[in-house]
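Here is the structure we will look at, set down as structure tokens.
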Amino acid sequence: MKTVLKIAGALAIVAGLAAPAAAADKLKVGFVYVGPIGDFGYSYQHNQGRLALEKALGEKVETTYLENVPEADSERAIEQLARTGHKLIFTTSFGFMEPTLKVAKKYPNVFFEHATGYKRDKNVATYSAKFHEGRYVQGVIAGKMTKSNVIGYVASFPIPEVVSGINSFMLGAQSVNPNIKVKIVWANTWFDPGKEADAAKALLDQGADIITQHTDSPAPLQQAEARGKLAFGQASDMIRFAPKSILTSIVDHWDDYYIARTKLVLDGKWKSEDTWGGFAANMVNMAPFTNMPDDVKKMAEDTEQAIKSGKLNPFKCPVYDQEGKEVPCKGNGALSDEQVLGMNFYVKGIDDKLPK
Amino acid sequence: MRLELVPRGDVSPWARALAPVAAVVAAILIGGLVVALMGRSPLAAFQVYFVDTLSEDWGLQEMAVKATPLLIIAVGLSFCFRASLWNIGAEGQFIIGALVGGILPLYTAGTEAGAWVIPAAMVLGALGGLAYAMIPALLRVAFGVSEILTSLMLVYVADLTLDYLVRGPWKDPKGFNFPQTVNFDATLPYLAEGGRLHAGVLVGPALALLAWFVISRTLFGFGVRVAGEAPKAARFAGFSANRMVIAAFAISGAAAGLAGIVEVLGQIGQLKPGISSGYGFTAITVAFLGRLHPLGMIFGALVVALTVIGGESAQIALKLPLDLTRAFQGVLLMCVLAADALVSYRVRLVTVARA
């Protein structure tokens, strides 16, 4: 009997969608994650944002998530959420872009938010974070802390977000240490602890004494810890996985954004737009600075503060590409947002060929 | 003390036919028990998992869409597996099929090329998969290299080739350097309003029917069966083992390639990394779930599709974790295999040590 009631309830919600007059129900908010929420990195952090949203808006919202959704098979997953009465749906990986747009066309009364993409529609907004701001701070720390002057970078896919991260890291490092080298291994995955660990091992074997990563599991960090080297955490504060070698983590902070966007839907004020926030918008944070002397810590804090206040732009001009040519400066004293969001070149000094 | 499997003398065809049904029932009971242990209602889970999906037009359409690549690949693979040839690389053949088949729609995007692009792309896709499957087949015929290793390793080659193309020469010039091609204009038409049932779903059953005819009604099909069940007899009868390797790999490669281009033209609409989500590997499960029989594989592909879609519904409606869905898929497969074994063998408890 309970079952029947539940189904009747679900049907009522679906029916309610068709006739928007029957409001007063909880707003159903859906999340689609590319990885497992147990990755302790990217998807984990989006899920923290979901939990914060539930906590902040309590009875007004009901949230649902689908984890580990393969990108090529995501259209159905997204549609499942749309057709079960979810009014606001966050799709949190780049590969969900086309499927999100397709589903959005079919459900004009549902609002969609796609992370890290660039195509919008009437009911599809986009959002991302300026992860590269955190990378610059990491670069400054690495430049100060390295003894071998070789940094190992475990990278995922050569998309602009990752490439701009590498460049920002390098520019930060060069600002304090002109002799620094960055070695890169492309793991070709967002989340695969085995591959990520292998990549980190290879980099350590090549003389890197600090590991940083743009993949989502703590595996590279753990490799560094096992060898007594230093490393940075990714997406969430990963200190528990390597308490002796972690310098800091870039922490993605989606809480405020998810709460704000959901409130807009509740107030009937949601509209499609693009949000790209960094330190200042509280979308990217640095975890506590650890395992470093006080002067380096001070320097890191100052750098973070300078970026936050707008005094320092990681991509301030002049920026030189690998051949030493100056990159046209299309922004206001720095590279423009478009240049950063579509970045497909390495800055001077990076010892790698960009996979093209 | 140990357990021993003793072959049963004669097994009625009824018992064989009912074994998978019993297996599904057993799997549902075990799944229900786990759901109950997690403090949720097993009835509600059953409702969401199976009844809702199977009773809604949308759910049925999605099942057919999800089952399509699995079925097409599995039908092709069944020729290899029946002949005791182990093509583990259907995943790679799927990707190369999508890639070769994708050339036409890619270069005609934005032009007034017309509808001929679709059938032409499908033929090219099948040929691409076929050609790619020839590598392990010829290596085996010429040098005796294990086709298991070569076909599997070529999956990575295919993956990286696709990766290279969508990051390099085939990249969408307006795509901010993200790894993907433009959206194709040539896509398979939808068969019904509102859902995603594309014309490609017809390919699976058609191929299954064709495979059934070939296997049971033609000399070639007879050769495939004999090669697997009694290789010596096949040699005596004059069937060339080498020709069999080539033919079985050609069929399975072409099928996997066709599945790839059908998936791209029917579902995805562009080329990008990760177009497969593991269909080439899951299809191996489907082939054995269906006992390599065309009808059985239709059943197998639909069951696997149902567990995926039902699993998503359970995550949404009951907040059951994805891990439970995965575990349930495993339980289901174990039950089907166990039911098969128990139909053919009797379990005997042996208490006395062997002399």
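Cβ atoms are placed via backbone N, Cα and C, with glycine included.
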Report task. Choose the correct range: of B:88-107, B:148-167, which one does TrEMBL annotate as transmembrane segment? Give that range. Result -> B:88-107
**Report entry** Contact call for the transmembrane segment (B:241-262) and the transmembrane segment (B:63-81): at least 3 Cβ pairs under 8 Å, seq gap 6+
**Finding:** yes
Requested in this report: Count the CB pairs under 8 A between the transmembrane segment (B:324-345) and each of B:21-43, B:197-220, B:297-318, then give me the winner.
Outcome: B:21-43
Query - Contacting positions for the transmembrane segment (B:21-43) when only residues 6+ beyond its ends and CB under 8 Å are counted - result: 49-50, 303, 318, 320, 324, 327-328, 331-332, 334-336, 338-340
